[in-house]
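Trainee: If you scroll down you'll find the structure; I have some questions about it.
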Amino acid sequence: MRRSSTDESTYRRSPSPPGKEPGFAHGGPFFGLHASPGPKAAQARYTSPKGNKYVVFYLDLSFIFLLELKRCSMARGCLQGVKYLMFAFNLLFWLGGCGILGVGIWLAATQGNFATLSSSFPSLSAANLLIVTGTFVMAIGFVGCIGAIKENRCLLLTFFVALLLVFLLEACITILFFAYTDKGAPAVLQIDKYAQQDLKKGLHLYGTPGNVGLTNAWSIIQTDFRCCGVSNYTDWFEVYNATRVPDSCCLEFSESCGLHAPGTWWKAPCYETVKMWLQENLLAVGVFGLCTALVQILGLTFAMTMYCQVVKADTYCA
């Protein structure tokens, strides 16, 4: 017999909640059987592993970022330390150049335009050498200071190259000096002969206008080293055209004592006396040169270290 519509309505199920599907779609029991899960459950089951992978990837990325940040902070700390050390070094370097330049200007103003013992090279005076040296040292120190403060790679490299050229020039001069002196007595005698001739030419400028520097230099040398003339006190006879020497050659200084008898004058030649003094103090000169070289090497080390630190900081922290 056919079931009526009224009977059928009594067996209707109540509507399922939203998002739920009846029967096999929901996976609920039906006649003791379990239905397979629906597509949403399957999607939820397979998306959870992907979420875990995303979390692991995020943690790894955060860890790498923290490591890079720590490395960047360490590089920046090293850069700051080298920066202040190099600034202090170049500040002292610059102040030293200012002092040398000031002494050179003072000598040029007080000792005249020709403050040298050599007549062949009038520009190689003590004042001019100090002025050139002081200006160059000031320029190098200024470039180093600005390069350290600004952390400018171009200025740091310029400072390094300039200081390296000075260091190589000094090394070449030292090597040539020792190599030339080792050639034997003839070469040394040739140099001595040329130097004495040039100094004797400079004696004729003694006491002339505009040569206050040369006059004072010879007076100081003859008084301090107790010598007279280049190779002998007779060198002054050609200058004065008479048997006379400057008053600085006298054993006991007095006015016009150079007109007295030769027994009241110093007999030692100034060239040999000064040469012997330099040989006796060669160790001190060597120590001074070594200290200068160490200071230059220290400046080169600071410059190259800071240059590398700036490059690393720009690479990792850009």
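Glycine too: its Cβ is placed from the backbone N, Cα and C atoms.
Pasting the feature list from TrEMBL:
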- 1-11: compositional bias 'Basic and acidic residues' (COMPBIAS)
- Cys228-Cys249: disulfide bond (DISULFID)
- 1-22: region 'Disordered' (REGION)
- 84-109: transmembrane segment (TRANSMEM)
- 129-149: transmembrane segment (TRANSMEM)
- 156-180: transmembrane segment (TRANSMEM)
- 282-303: transmembrane segment (TRANSMEM)
Trainee: By a simple count, how many Cβ atoms lie within 10 Å of the Cβ of Cys228 (disulfide bond), its own Cβ left out?
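Mentor: Other Cβ atoms within 10 Å of Cys228 (disulfide bond): 28.
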Trainee: What same-chain residues, at least 6 away in sequence, bring their CB to under 8 Å of the CB of Cys249 (disulfide bond)?
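Mentor: Result: Gln222, Cys228, Gly229, Tyr233, Trp236, Gly258, Trp265, Trp266.
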